[in-house]
Amino acid sequence: MEETFTLNVCHLYGNLLNTYGDNGNLLVLNYFAKKNNIQFNTEIVSIHEPFQPEKYDFIFFGGGQDFEQLIVSKDIQTKKEALINYIENDGPFLAICGGYQLLGHYYMGANGEKIQGIGALDHYTESQVNNRFIGDVTIHNETFNETYTGFENHNGVTFIGPSEKPLGTVQTGFGNNGQDKTEGAIYKNTYCSYFHGPILAKNPHLAIRLLNVMLQHKYQQQAPTLSLD
Ligand code: GLN
């Protein structure tokens, strides 16, 4: 069958923030796209490179260590306005862990350094003293009635703002901060989570959900609806 749908993907700082194999998320999306005859093109946009929002139907932003996050936090200020426009225009986005933290106001690194975010989303991240949240985590999203599982490994404790909804309610594990039972964030078509694993490999129903968000946003009435079967 001929391919009639194409999704162009920006892998934001994919050469710097990919410590936990988060780019597996793009492999999973590519797998389901191909199965449905959808062309899935990805390119890395990194430091000193312009980010042109009109070129992309999806942005993926992975996690990493404080050292790389600090480098990215400086460069991302040059892309801040374009990224905020993309998000405000309902552009589909998935941000994991370090990427999630950088979309918010700031992240306090484990050594007390303040790592500036872009404030596109209304969360902020503090650090824990001599502790990391490490382990398996399960959450439930009531709106979608879906359960997601993953693995978390973070020092940061994130508090989401009033304009954000959590990706889910924590059933086991720590989630955003170990206190309020929230995990991740959803704002417009931007999805955030602390889950590695990668999240979409462990949760193919979320991968299909995101592909449908991308197709809807780009093709509107013409968009096909994908399902897991
Ligand atoms: N360096 C950040 C933290 O420890 C993010 C880690 C990650 O992306 N897994 O909180």
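Glycine residues also receive a Cβ, built from the backbone N, Cα and C atoms like all the rest.
Per TrEMBL, the feature active site, nucleophile maps to Cys97. The secondary structure of Cys97 (active site, nucleophile), as reduced to three states from DSSP, is coil rather than helix or strand. Around the Cβ of Cys97 (active site, nucleophile), 28 further Cβ atoms fall within 10 Å across all displayed protein chains.
If you look up TrEMBL, you'll see His196 marked as active site. Long-range Cβ proximity for His196 (active site), meaning a same-chain Cβ under 8 A and a gap of 6 or more residues, is found for Tyr20, Gly21, Asp22, Gly63, Ile96, Cys97, Gly150, Phe151, Glu152, Asn153. DSSP assigns His196 (active site) to a strand.
The substrate binding site annotation in TrEMBL covers Arg132. Sequence-distant neighbours of Arg132 (substrate binding site) (same chain, 6+ residues apart, CB-CB distance under 8 A): Asn153, His154, Asn155.
The feature domain 'CobB/CobQ-like glutamine amidotransferase' is assigned by TrEMBL to 8-203.
When averaged over the domain 'CobB/CobQ-like glutamine amidotransferase' (8-203), pLDDT in the model lands at 96.
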